[in-house]
Amino acid sequence: MAASEPSDDSLPESLRFTAPAELVDIGANLTHESFSRDLEAVLQRARAANVTTLILTGTDLKHAEQAAELSRRFPGLRATAGIHPHDASQWTRTLETGLRDLYRQPEVVAVGECGLDFNRNFSSPVEQERAFEAQLGLAAESGLPLFLHERDAGSRMLDILHHWRNDITHAVVHCFTGERDTLYGYLDLDLHIGLTGWLCDERRGHHLRDLLRDIPLDRLMVETDCPYLLPRNLPAKLKGRRNEPALLPWIVREIAHWRGTDEAELAHATTVTARRFFRLEDT
Ligand SMILES: [Zn+2]
């Protein structure tokens, strides 16, 4: 146990909480510049917390290439590759070719992060839909599962996915924060749901807590979405506001509490689901 190593005595309690079963963090933005200085320490803390597999989110071509690179360098890492809806206006044929090359690499396990974000509209809705449809095409072509982002665009997302459902294999709506109707729409389409520390936030996570029992265990996966969304249920404040994979056990604890599920059972189930979803069994 890393907790017995002398160097860990200085770690805050939040970073020394070990999950009761191995966990997969399905959304870690470890190519974010905030991790550039201490990535190895972050990976070590994740392992000590029993977060043994990290799926690194590739949100544009450059970061997806970096994520694939890291996955080759360190054990327990895999990568996704896609264009985030914020960057959809940058979509070109050249980008598409770059992504297609990445999907041939064994470390790249999903198409995304892609989808629709009508909350901020950094790219116009038309540009977002164009890039999203192109990436749905790439998912259909490669057979890889999809890592989806949706904010304030649930009904449009459902329309588009309905159209594509028979052509794609699996898809997870990551960092789900939507309403009941949208959730049921996704589950009816046989999609998976990714949950973050959003629901540890007493200011805005309430409606989600009531929906947790409606998500079957074999469709539910967990993620930090780090460095964003630092969970608010930590026992003490961390220096800085950066979230990291070692904090995933706190999110699992919160979900288990509100779902009324045993923590170890939930931890184990999300890992079984994630390993099947990203086809990690045979690697
Ligand atoms: Zn996202």
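Glycine is treated like the rest: Cβ placed from N, Cα and C.
Taking Cβ-Cβ distances under 8 Å and a sequence separation of 6 or more, the neighbours of Glu113 (divalent metal cation 1 binding site) in its chain are Gly27, Thr57, Gly58, Thr59, Thr80, Gly82, His84, Phe147, Leu148, His149, His174. Per TrEMBL, divalent metal cation 1 binding site is recorded for Glu113, Asp225.
Look at TrEMBL and you will find His149, His174 tagged as divalent metal cation 2 binding site. A simple way to gauge crowding: the CB of His149 (divalent metal cation 2 binding site) has 25 other CB atoms within 10 angstroms, across all the protein chains here.
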Cβ-Cβ distance under 8 Å to Asp225 (divalent metal cation 1 binding site), same chain, at least six residues away:
Gly27, Ala28, Asn29, Thr57, His174, Cys175, Thr196, Gly197, Asn243
State the count of C-beta atoms found within 10 angstroms of the C-beta of His174 (divalent metal cation 2 binding site), not counting that atom itself.
27
